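Asker: Can you keep this structure in mind? I'll have questions shortly.
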């Protein structure tokens, strides 16, 4: 029996090779996984043309995945530098990479990225419209927007972000809102400008059925973008954000009916006390669709440290329903991240994802922590390094500060609690001098 998408296969009770691979990685029964995909609770972004893909699942009961953003811009147009980031991100086990290139002819980079990457690849076709078409935004037609979407799908992109919750009606309300940061979504702002200048409805909304046909043809997962995500904590959970989410829930249902896999994108900047509510609202009104969040950042006053503000919010979000975290780097709000910024962002986001998985009792999550604890008690430094999310920094710290006693560190020396207790339990003398 043939199928068009992973969702179509799941509805037809077919187990695909991608489902088998994801079930193996997640250590769950493949039939349980298929049922979750059939219900729309899990997606496996897997474009038919992404031949190097090692499939991952995103959604209920699975490990929280992380995404790394990169891409070329007008000020930093260097494909080789971005490919170096790609290689490092994959070495650091990032499950997804989004190509957010927004200047010039980006297809060469996209093709190289997809040809190389075993990680799932996402993109925002809206960013590519001006460069690909060589036209000013206001002059781009609905048909041309579709051309760009199809080009990305044909090239092998596994999931695309499209902003179909932003409508003319909401755009009018935005003119009078007391929001501080208005729209911080780049794609959302471009659509807002196009709609206002042309006095027309969002072209991605009016041509949504055509987009669904493209996605079904190539098995592209839709990541329904939140053009009105809060860009500061003051704007969190306001009427515009919730109205857009309601619109996205309806668009998600239409995608599901056409056998197109779908996940929902979320905030953003959210105070700690509102994060759990945001997760529950999305899961409730969007039929438990996988939730993909940017952060969320829990305060606005830490430029240079937003990988930390994001990790705090990301851990809470992951523990209360988020399935997919978009990384944030120390360079957020300041510049295009360099390689070191990217590494710090990945590590911080992986910590948040793992902390959330422990709280969600994802199989295997706490077990790794228990192994680390046993290694610490045994003062087994090599095992500790092996189990660490990042092994480079602990190895560096250990090497730079060698203790006199090998079975301790320079913090406590002979007064190491683990060392003392082990000696007592083993019947050995405890000599501190």
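All residue numbers here begin at 1 and follow the chain in the order shown.
Every residue gets a Cβ built from N, Cα and C, even glycine.
So Swiss-Prot says this about it:
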BINDING   69, 98, 127, 163, 185, 186, 187, 226, 227, 228, 229, 265, 292  substrate binding site
BINDING   269, 333  Zn(2+) binding site
BINDING   409, 412, 416  [4Fe-4S] cluster binding site
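Relative to the rest of the structure, where do these features sit?
Answerer: Counting only residues at least six positions away in the same chain, the Cβ atoms of 58, 67, 223, 263, 264, 265, 266, 322, 323, 324, 325, 326 sit under 8 Å from the Cβ of residue 292 (substrate binding site).
Secondary structure from DSSP puts residue 269 (Zn(2+) binding site) in a beta strand.
Of all the Cβ atoms in the protein chains shown, 14 others lie within 10 Å of the Cβ of residue 412 ([4Fe-4S] cluster binding site).
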Asker: Whole-number Å only: compute the distance from the Cα of residue 227 (substrate binding site) to the Cα of residue 333 (Zn(2+) binding site).
Answerer: 17
Asker: Across all the protein chains here, work out how many other Cβ atoms are within 10 Å of the Cβ of residue 333 (Zn(2+) binding site).
Answerer: 14
Asker: Which whole-number value in Å describes the distance between the Cα atoms of residue 409 ([4Fe-4S] cluster binding site) and residue 229 (substrate binding site)?
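Answerer: That comes out at 46 Å between the alpha carbons.
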Asker: Among 227, 409, 416, the binding-site residues in question, whose Cβ has the most other Cβ atoms within 10 Å in this structure?
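Answerer: Result for the most crowded candidate: 227.
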Asker: Nearest of the binding-site residues to residue 229 (substrate binding site) by CA-CA distance, picking from 269, 333, 412, 416?
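Answerer: Closest by Cα distance to residue 229 (substrate binding site) among the binding-site residues 269, 333, 412, 416: 269.
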